Each structure stands twice: as C-alpha cells, then as structure tokens.
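Q: Quick paste from Swiss-Prot:
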- 24-44: transmembrane segment (TRANSMEM)
- 57-77: transmembrane segment (TRANSMEM)
- 99-119: transmembrane segment (TRANSMEM)
- 124-144: transmembrane segment (TRANSMEM)
- 149-169: transmembrane segment (TRANSMEM)
- 227-247: transmembrane segment (TRANSMEM)
- 295-315: transmembrane segment (TRANSMEM)
- 323-343: transmembrane segment (TRANSMEM)
- 354-374: transmembrane segment (TRANSMEM)
- 395-415: transmembrane segment (TRANSMEM)
- 418-438: transmembrane segment (TRANSMEM)
- 484-504: transmembrane segment (TRANSMEM)
Amino acid sequence: MIWHVQNENFILDSTRIFMKAFHLLLFDGSLIFPECILIFGLILLLMIDSTSDQKDIPWLYFISSTSLVMSITSLLFRWREEPMISFSGNFQTNNFNEIFQFLILLCSTLCIPLSVEYIECTEMAITEFLLFVLTATIGGMFLCGANDLITIFVAPECFSLCSYLLSGYTKKDVRSNEATMKYLLMGGASSSILVHGFSWLYGSSGGEIELQEIVNGLINTQMYNSPGISIALIFITVGIGFKLSPAPSHQWTPDVYEGSPTPVVAFLSVTSKVAASASATRIFDIPFYFSSNEWHLLLEILAILSMILGNLIAITQTSMKRMLAYSSIGQIGYVIIGIIVGDSNDGYASMITYMLFYISMNLGTFACIVLFGLRTGTENIRDYAGLYTKDPFLALSLALCLLSLGGLPPLAGFFGKLYLFWCGWQAGLYFLVLIGLLTSVVSIYYYLKIIKLLMTGRNQEITPHVRNYRRSPLRSNNSIELSMIVCVIASTIPGISMNPIIAIAQDTLF
C-alpha cells in the first residue's frame, strides 16, 4: 500500500514537471527559435549518421550550413523587438544579446567551409566534428542571453566541453593530445573558480540568482559594498578571464592554438571571445553595478598586461599559430577597453564594431593558414618566404588580413581601432589608449615582418616548401577560398561603410 502511494506521488510529480516544461516550451519557445533551429539541425545530422551506411559529406555540410543560415535569418527577423525575459527569468532576449548571438552564428557559418578539405585530408570523423561545432554554437548563444547564475555557468560549460573535444580531435597527434589535456585542466580549474565567485554573490544577495534580482537583494541586505562582493568580483574576473584569455590568464592559449587542428583554432579564436565578452558585459554591468570602480581597475590591469605581453611575445614566435595566439591576447586587451567604457560614450558600440572586424580579419588569416598548411604541410613562419612568387592571390589575401589586424589605414582594422580608442579617450582612459596605440605599432612590426617574407624573391631565402608548392586540384578548395575571399573583403572595406555598422551597434545598447 505504501509503495503504491509513493508510486502515485512519483507519477504525479513527474507529470507536473513535464507539464511545466511543456508550458515553458510552448509559450517561451519562440524566444529561442534560432537555437531551436540549430537543435533540429543536430537531430537531423544524428539521424542521417545513424541510418546511412555511407557518409554523404556534401549533404552533411549542407545541413549544418543551412541550419546556421536559417538561425541567422530568424535572428534578423526578430531585430528591434521589445526585450523579453523567458523561462522563469533564466533567459533574456534584447538587441544587445542578439547582436552577440549573430556574431557567434557568423563565426560558425564561416568556419564550417574552412574545415571541408582539412577534415578530408586528415580523415577525421565528419559528423562528430559538425555536431561539436553546432553544439558549441548553441552553448555560446545561450550564454549571450543568460540572465541567471545557473545558466551563465551551464552554457559556457556546454561550449567548453565541445571545445575540449574539438581541440583533441586529431587523436594520433601528440601535440593535439597535449593541448586537450592543458585546455581541460585549465578549463576545469577556471570553472570551479567561477562557480565559487557565484556562490559569494548568491550568498551576499540573500539567495538570488537572477542578475537584476541580485542587485535588489544586495540593496536589501546592504551588502553591495561588503568584502564578500569584492571576493566574488575577484573570483568571477579570474573565471571569465580564462574564456577571454587576457594576460595573465593566457597560459593555455599558445599551446592549444599550436596543438589543435587549424579549423578548430579558427573557430575557438573568435567564438569563445564573443560569447565571453557578452557574458562579461552583463555580469560586470548589472550585479557589480555598485563596484564599478573596483572592476574598472581590475580590467584596466588585465588590458594593460594583455596589450603589452601579447604583442611583445608575439615578436619572438616562429610558428604562425603561436604568433596569432599571442596576437589574440593583445587584441582582447583592446576589446576590454570597450567593456570598461560601457554604455556611456559608445563603449559597447565600439567593442561590437571592432569584434565584427576582428572576426573577418582573424578568420581570413586562418583561412590562408589552412590553405598553405594543406599544400605544404608546415606552419612555420619562415616557410612562407617567397609565397608571392608561387601563389600571389593567397599571399596578397594573407597580407591584407595581417595589415588589417595591425590597424593600418584604410583597412577595416584601422577604423575599428580608431573608433574604439576614440571612445576610450572620450571616457578619460588616456593611459589605456596610449598603451593601445604603442602596442598597435609593435603589432604592425611583426605583421610586416611576415609580409616581407611573403614578398621576398631571393632564392636563398625560399624554403623547399614554397619551391615545391602546388595548388591543390581538389574542388573542395573552393569552399575555403570562398570563406577567405569573404573575410578579406570584410577586412578591407573602406571607412564609408563604418556609419551604418556603428549605427547598428549603437542600437544594441540595453
């Protein structure tokens, strides 16, 4: 009799939970429609992989790319709608979150064509690769709209788990296994630090988990200036710092960049920074509203260290991927300036604009590296010597992307940095802007050093890799070159296109 009653109670409780979940999905599901499209694409990929004996590679890529494009389209149709909070306060949709979701979808859409020939040449499992990329994209999108501490913790873990698997995807490569182990250990440590910071925030606010409710809780408990909030700020900054990889939280970046497959590095180098930047702006701006001076100081220190160390160490690198790793550390220092400025003086707008240009510049550079690596089998900088004599198109594309990363006019990177530094100067961050200008000059030096190698015609400097260079006859090259062309064009657009981009970015302020 007792067992029968307990069984009935269990069934009733399960039914209530199911009905509540169904109610949430029915009434709030439209607010995560872009994410649902990607989930449907994931299910479709799994069904095809489990029912088909022979893998139809073009069809798998078509499904992945189509789901991403459809998700972008649904996101654009929702633009300028009223901000809404759904799923019992766990998720928020507004223009600010959606622009970051758009950037993540754009990254994934451009990264998938980069991986076509690479996966074929390395004989990697195609379906699993696409599943991990789409799942990481979903995790990044949920992180952009996360409105409570639990979702802010779970969403990046979804992204991180897929990132660990992608970085170790070439299991026979010792460097890839080493990169995965370092990435996993550092990621686990940072997650524990982050959740410890959340526990301090949760306790200080009186048990609140929603971001705005945490602010109200801190006011009610009079704990907004307590030592507990300072401890929470330090731990959360360290935890988020791992995702952004500024100095001194950058130790994992060079090894993971060098050991991971190049298309994976291209994906991680942009999506992780976009998602982490979106999360950082909301966490610092809302729960730590009363501690703005403290987190401004912390981020200023991180920005200075990142810009100086990242660009100085990049000069000494001999591997193209390690050089780009340290370059990305310097680039995130520039992005942090926009986070510090905030919604005043167009700080967020300048950060979004620069990140859009950074996506095109960085992915364009990695597209060139993928092509060169597949045709020569090397990633050393010195092996690029004389590439212009064999493949002028690839050499010029790489040169334009590198010059744009350095911020030379009239390329897109120059106008992005100009807008970012101008907003920082208007906000009174004179020292940060001066450091940014000086380190930008340093970055131009090592970018020009590579371009000089590309254009050299001396036979004694040209390595056997370039002497024996042959353009691959495979048709799949067209997808990599298509992504490269799109990124190069976006990296070289003139300043005349800046006004509409800035106007769109300014509309995202919450």
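Quick reminder: no glycine exception, Cβ is built from N, Cα and C everywhere.
From a predicted model like this one, the values you see are computed outputs, not experimental measurements.
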Q: Among 57-77, 124-144, 227-247, 395-415, which stretch has the most Cβ pairs under 8 Å to the transmembrane segment (323-343)?
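A: Highest pair count goes to 227-247.
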Q: When each of 57-77, 99-119, 124-144, 227-247, 295-315 is checked against the transmembrane segment (418-438) for Cβ pairs under 8 Å, which one has the most?
A: 295-315
Q: Within this structure, do the transmembrane segment (124-144) and the transmembrane segment (57-77) have 3 or more Cβ pairs under 8 angstroms, counting pairs 6 or more apart in sequence?
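A: Yes; at least 3 Cβ pairs under 8 Å.
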Q: Checking distant contacts: for the transmembrane segment (99-119), what same-chain residues at least six beyond its ends satisfy Cβ-Cβ under 8 A?
A: 34, 61, 64-65, 68-69, 71-72, 75-76, 126, 129-130, 133-134, 137, 140-141, 144-145, 261-263, 266-267, 270-271, 274-275, 277-278, 352, 355-356, 359, 363, 366-367, 370, 374, 472, 474, 476-477, 479-480, 482-483, 486-487, 504-505, 508
Q: At a C-beta cut-off of under 8 Å, are there same-chain residues at least 6 beyond the transmembrane segment (227-247) that contact it? List them, or none.
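A: Those are 156, 186-187, 189-191, 193-198, 200-201, 203-204, 218, 253, 272-273, 275-277, 279-280, 283, 288, 290-291, 294-295, 298-299, 302-303, 305-306, 308-310, 328-329, 332-333, 335-336, in sequence order.
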